[in-house]
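Visitor: I'd like to ask you about the structure that follows.
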């Protein structure tokens with residue numbers, strides 16, 4: 001079986017790596033991002049890919065930056081048939097990509113050339129797309145610009161979050177990769193170049209974009225909330241306090257109130273948005289507290305708000 005250097009970090013990558021192991025590929029090395037410290041206690045957390053590597057006693061590398069590192073020199077000496085990445089999160093040096101004896105291959109979470117970059121799934125959900133997919137592609141120096149070996153599509157349900165789409169895309173990408181690698185090795189597959197006129201970029205979501213703008217319609221706000229669930233979460237600033245919103249729905253009613261006003265806090269928490277639209281908040285998380293259903297939030301804080309008043313601060 002062919003030899004592989006695998007690079008990945010989140011669960012998406014871990015699912016792909018597990019598939020390669022079960023299929024019998026010879027994993028020469030696993031490369032993942034350095035451990036993170038999270039929470040108040042700064043607990044060290046391993047990436048899902050690291051967990052898989054440790055469970056299977058695979059050689060593990062965690063460079064802060066692969067380019068010009070000692071780890072890169074070691075990896076270049078491994079002489080792998082395939083270099084395979086799945087949501088790794090770092091730029092890869094061209095000389096490393098060219099060192100693969102057969103091919104350097106990426107499992108990308110979109111239907112390229114749409115959504116090149118680090119946040120393809122979040123962009124698909126935020127833009128309200130009806131479908132997304134995975135692309136098995138050749139890696140080149142330019143980000144996500146290589147020729148395509150294969151694609152598979154996946155519908156996005158109207159209420160689905162990025163996290164849920166990720167969970168469905170991972171096995172789809174794994175299976176498509178395992179189906180495609182033998183065809184690459186045998187030379188029977190024909191690569192397809194990307195149409196440069198159809199390229200759309202999906203750079204990492206910025207901190208500023210996490211705030212739900214009052215310039216959005218209720219539908220656009222709902223899509224942003226879905227896109228940033230489970231990480232990092234979208235939020236409103238209500239009377240000076242940050243309130244994360246994990247789930248919301250577009251209300252059937254419209255309003256003449258300007259954006260940012262409370263329609264009602266009786267039985268629901270309905271806020272006006274652009275275009276006379278209304279958003280019902282369904283699950284929220286006040287600062288320093290756990291996520292809660294809107295009825296629990298209203299039981300504790302509902303009396304602070306009056307129907308008809310402006311409660312959302314301008315962004």
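For all residues, glycine too, the Cβ spot is worked out from N, Cα and C.
Just lifted these from Swiss-Prot, have a look:
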type: BINDING; residues: 110, 111, 112, 113; note: (6S)-5,6,7,8-tetrahydrofolate binding site
Visitor: Return the residues near residue 110 ((6S)-5,6,7,8-tetrahydrofolate binding site), defined as same-chain residues 6+ apart in sequence whose C-beta is under 8 angstroms from its C-beta, sorted by sequence, else 'none'.
Guide: 116, 120, 121, 123, 124, 132, 133, 134, 135, 202
Visitor: Name them in sequence order: residues not among 110, 111, 112, 113 whose Cβ is within 8 Å of the mean position of the Cβ atoms defining the (6S)-5,6,7,8-tetrahydrofolate site.
Guide: 108, 114, 115, 116, 120, 133, 135, 144, 148, 151, 194, 200
Visitor: So which one is it: of the binding-site residues 111, 112, which has the fewest other Cβ atoms within 10 Å?
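Guide: The binding-site residues 111, 112 were compared, and 111 has the fewest Cβ atoms within 10 Å.
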Visitor: Compile a sequence-ordered list of residues in the same chain as residue 113 ((6S)-5,6,7,8-tetrahydrofolate binding site), six or more apart from it, whose Cβ lies below 8 A from its Cβ; state 'none' when nothing qualifies.
Guide: 194, 195, 196, 198, 199, 200
